[in-house]
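Visitor: Let me give you the structure first, and then I'll get to my questions.
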Amino acid sequence: MDELRNTYIERIAKAADEAALEDVRLQALGKKGEISLKMRELGRMDPEERKTAGPALNALKDEINSAIAARKVALEDSALDERLKTEWLDVTLPARERRQGTIHPVSQVTEEVTAIFADMGFAVAEGPRIESDWYNFDALNIPGHHPARAEMDTFYMHREEGDARPPFVLRTHTSPVQIRSMEAQGAPIRIICPGGVYRADYDQTHTPMFHQVEGLAIDRDISMANLKWVLEEFFSAYFGTSVKTRFRASHFPFTEPSAEVDIQCSWQDGTVKVGEGDDWLEVLGSGMVHPHVLRSGGIDPDEWQGFAFGMGIDRIAMLKYGIPDLRAFFDSDLRWLRHYGFSALDVPTIRGGLSR
Amino acid sequence: MKFTLSWLKRHLDTTATLDEILYALTDLGLEVEGVTDPAARLGAFTLARVQSAEQHPDADRLRVCMVETDEGVKQIVCGAPNARAGITVVLAKPGDYVPGIDVTLSVGKIRGVESHGMMASERELELSDEHDGIIELPSGEVGQTFTDWLAQNAPEKVDPVIEIAITPNRQDALGVRGIARDLAARGLGTMKPVEEHKIAGSYPSPIAVSIDEDTRQDGCEIFAGRLIRGVKNGPSPKWLQDQLRAIGLRPISALVDVTNFFTFDRNRPLHVFDADKVQGNLRIHRATGGETLIGLDEKEYTFAQGQVVISDDTGIESIAGIMGGLATGCTGDTVNVFLEAAVWDRVQIAHTGRALKINSDARYRNERGIDPDYNMQAIEDATAMILELCGGEPSEVVVAGAVPDTARAYELKPARVQSLVGMDIPEAQQRATLEALGFRLEGNMAWVPSWRPDVTGEADLVEEVARVASLTKLEGKPMPRANVGVPAPVMTAAQKREQIARRTAAALGYNECVTYSFIDKASATLFGGGDDATMLANPISSEMSHMRPDLLPGLLQAAARNQARGIMDLALFEVGPAFSGGEPGEQAVAVSGVLIGRNGPKDVHGAARPVDLFDAKADAQAILSALGAPDKAQVMRNGPGWFHPGRHGVICLGPKKQLAVFGELHPRVLREMDVKGPAVAFTIWPAEIPEPKNKTASRGALTLHDLQAVERDFAFVVDTDVEALTLVNAAAGADKALIDSVRVFDEFIGGSLGEGKKSLAITVRLQPTEKTLKEAEIEAVSRKIVEKVVKATGGALRG
């Protein structure tokens, strides 16, 4: 029996390919194979003999089967190795192109601003881009003869002859949304109003369309000191570093007292760094909402008070991301969009951070 | 508003430095826009004395001077003809920057002789154009700074010029005295008193003045005048000329310079007529319309009905409060002058000034508001100055109208100031501030000074107190959230849709653009707009004349610009408003994308191919799906004309509910817009997508079937104009319970099928739910599918 085993184990090991291996299998375990024949002889044995020969033969059969299977895997492996030796690709070839989309900085920064103010309880309000002059001016305490009207470089919509209504305007600021929101909601109210605005001005630093975000908070005891805190919180969150602000007295028809707000910065080689240094950069106008404006929005100024502010989204985008030219925002140069754009998955959040 | 430091000091007694003054101005709300301080660029130069001047050995025109300086005797080579021993000169040393030649000096050798500095000419120091020789000073000590010498001997040469921005509420700061008042209130000095003149007339004015009845209301409040005869109108004195030049005005003649001086000194525009050119009396009235006048700027103005003017017996001579007429203007020959001081209606001045497009210093001040109470004193003060500069004999003053009563008072509520501003400003300080600004306090009632027409309520008092107290001192105070706990979401459904659409489009590989809301008429017209309702009355250019009716023209223009730069393959999108009309609210947010050229650069894998409408369809569907649009939408072909008529589809829920359109852009549109195709596009209207019916977050249970699904393929021959969706819907309707999905996997047109025929192949997936399908059941469903499709399409199963 040992001899038989050794013979076949050796033959199996020597089988050079699958066909030879199959031959060996047939010789050992085929219908007329040596081991199969021996199994058949078991029936003729007496029970005592069978007791030892039976298990031995079965064990032999299992062993040979395993050896064949193992040899088969080995043969397949070496065949695969042979094939792989001939298979080679130039992996330095470029991958299949995949378009990479981008989000415009105006959209991204609008979402950043929204995320920060949402955390402070400000909702997002919107209004039409074409406005009546009442919402854009009168309601905001800018009567027809007010010099601020002329200074705002307003775009007017065409009026048909015979239509005696005052002309509609392209909103010159997002402030009309304050009035619409106060009318709709009353007090208390906390909103920001981001969106496009228009002024007839086009040069190095002005485009006839740009973007603003307006903020409004009305309650019973909101003060300018609260405004300063809110803005410092905002700028610190937005720029990702502690930013001091400086309030300077100014005048806007819709706020009183009014202040221009500067943020702390430094200038190095013509580039500005926010949140450090001794210089100040003017970034927004603000103040306590004028009683006339509160009344325009249907809110009693003897009972309610609060602040409003407005700043340029494009401008704070330029500051944060080092974008030099405002005009390029609206040119849609693909090279610019790719360079300054943001990934679709870079959604600004408070928990994950506003930017990478 | 420009003024010089010395002019300010005519009104303000102060020891404050220039920097302190500049800081306070900005902080008070009089924002400093610029300052020119001549001393700053002359600061390095010192006085020196030439001890000897010898001929240069190698140059005829140069001298080698030994110069006594604060650092000892230095050798300097000089080419000036007046360089000679004994003169006191202005020295620039090595290392100093010389502004007039834009050079920083260094020790140099001139024709072999070392030179340790330079003796400057006036032009080299930008003091004048004088360059015939170096500066010779009549006095001064060696080592003294040049700026100190100038301050003592020629102060106008080192007088800083300050320019501030004036907000519309600060008309009082359009006069230097008003600026001084603010600084004094801040504590930067004390106001100097001004002399109030009283000049008695020695004869009645031969020119009478009157205001028409219809002009007293909203036209002219008061008009005062007087004749001064026998004046000598020459150049004004040097100090006045220097002051006017320093702030950018051209001195003209003593009479005109006096009016300009009052304009800037006291925010008090005046006018002087040459009385000999005025025929008869002066009458203030409204224009009837169509009259003309040549103004002092030598331009002709045509009046509209109602505009207020001043006429003599022959016609209009002055645009009241805005600009005088050329014919009656004063010249060097003027000997008899009629001086005018008047108070005009601000609104009228603003309207007339804007209509006539005149931006004069007088209009600027009269429309913002001058001090009406000063009117009668102004004419006396101006008379005194004219008499002083030009001599002459004044008449009595003639007056029409009356000084308007602007007296009013508002209650100062000290607690309110603190609550609004959030600063602790003691009541005494609040009162002191208002008094320093000219308010008169009676109890808590603050009477407004006549020069502050902007103060019209209690809130204005708060503003005055706060700005003088300095908002820089404001400390931030936390503003707690209105509601405690986790902040609720703040975005509306529409806002979220915009964000989702935007981020989905970017994830699909599109680059977001923000293009202008206005475009040219031709492009607007191509996209269904361009009518007068959406036209701007005052566009900035013809390229931006109409509100965009659609986002696609802006994107196509962007594409054309990129193609001009050599970038041919583009995927651009925009999310923003498109305008259906010119009224507020006639706008709707759209999401548009364009795909142009290939789907990518040509590549080694052969994957690059021209974009086609099915790319646009896929992206439109992906965005619609992200926005929660229902899966089962119809596709119709009634889209707008800027798409290829046979190659576009409208995705809709019923004929009236259009959610989106996609397709190839019309070749004519591409040609007009200079875009090289192929170009496909989509537009989605997010607001049209119905709100989901199911408001809960729950998804419902997932039903999974364990039984094996069966797929069967069918091919049908149908007419080419039969739509695949018709076929698919027919097949799906054969057994709604059993058929899980129907998908087109092949389209074959022409060939052996013959003209006008095509083959569409579909895979139908059957999903049994209760027991495994038997062959006979599958056969039965298959027969039904064929039957339904044949009936719906008129086609046949492909043999």
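Numbering starts at 1 and runs along the chain as it is shown here.
In case you wondered, yes, glycine gets a Cβ from its N, Cα and C as well.
Caution: TrEMBL annotation is automatic and unverified by curators.
As annotated in TrEMBL:
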type    : residues                               : note
DOMAIN  : B:39-147                               : domain 'TRNA-binding'
DOMAIN  : B:405-476                              : domain 'B5'
BINDING : B:Asp454, B:Asp460, B:Glu463, B:Glu464 : Mg(2+) binding site
DOMAIN  : B:705-798                              : domain 'FDX-ACB'
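What's the neighbourhood like for each of these?
Guide: The Cβ neighbour count for B:Asp460 (Mg(2+) binding site), using a 10 Å radius over every protein chain in view, is 19.
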Visitor: Give me the long-range Cβ neighbours of B:Asp454 (Mg(2+) binding site): same chain, 6+ apart, Cβ under 8 Å, in sequence order.
Guide: B:Pro168, B:Asn169, B:Arg170, B:Gln171, B:Gly369, B:Asp460
Visitor: Residue counts in helix (H, G, I), strand (E, B) and coil for the domain 'FDX-ACB' (B:705-798), per DSSP?
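Guide: Residue counts for the domain 'FDX-ACB' (B:705-798) by secondary structure: 31 helix, 33 strand, 30 coil.
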Visitor: Can you count helix, strand and coil residues in the domain 'TRNA-binding' (B:39-147) using DSSP?
Guide: 9 helix, 44 strand, 56 coil
Visitor: Restricting to the same chain and to sequence separations of six or more, state which residues have a Cβ under 8 Å from that of B:Glu463 (Mg(2+) binding site).
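Guide: None - B:Glu463 (Mg(2+) binding site) has no non-local Cβ neighbours under 8 Å at 6 or more residues apart.
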Visitor: How do the residues of the domain 'B5' (B:405-476) split into helix, strand and coil according to DSSP?
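Guide: Across the domain 'B5' (B:405-476), DSSP assigns the residues as follows: 33 helix, 9 strand, 30 coil.
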Visitor: Write out the long-range same-chain contacts of B:Glu464 (Mg(2+) binding site), meaning residues 6 or more apart in sequence whose Cβ is under 8 Å from its Cβ.
Guide: B:Thr433, B:Leu434, B:Leu437, B:Phe439, B:Val455
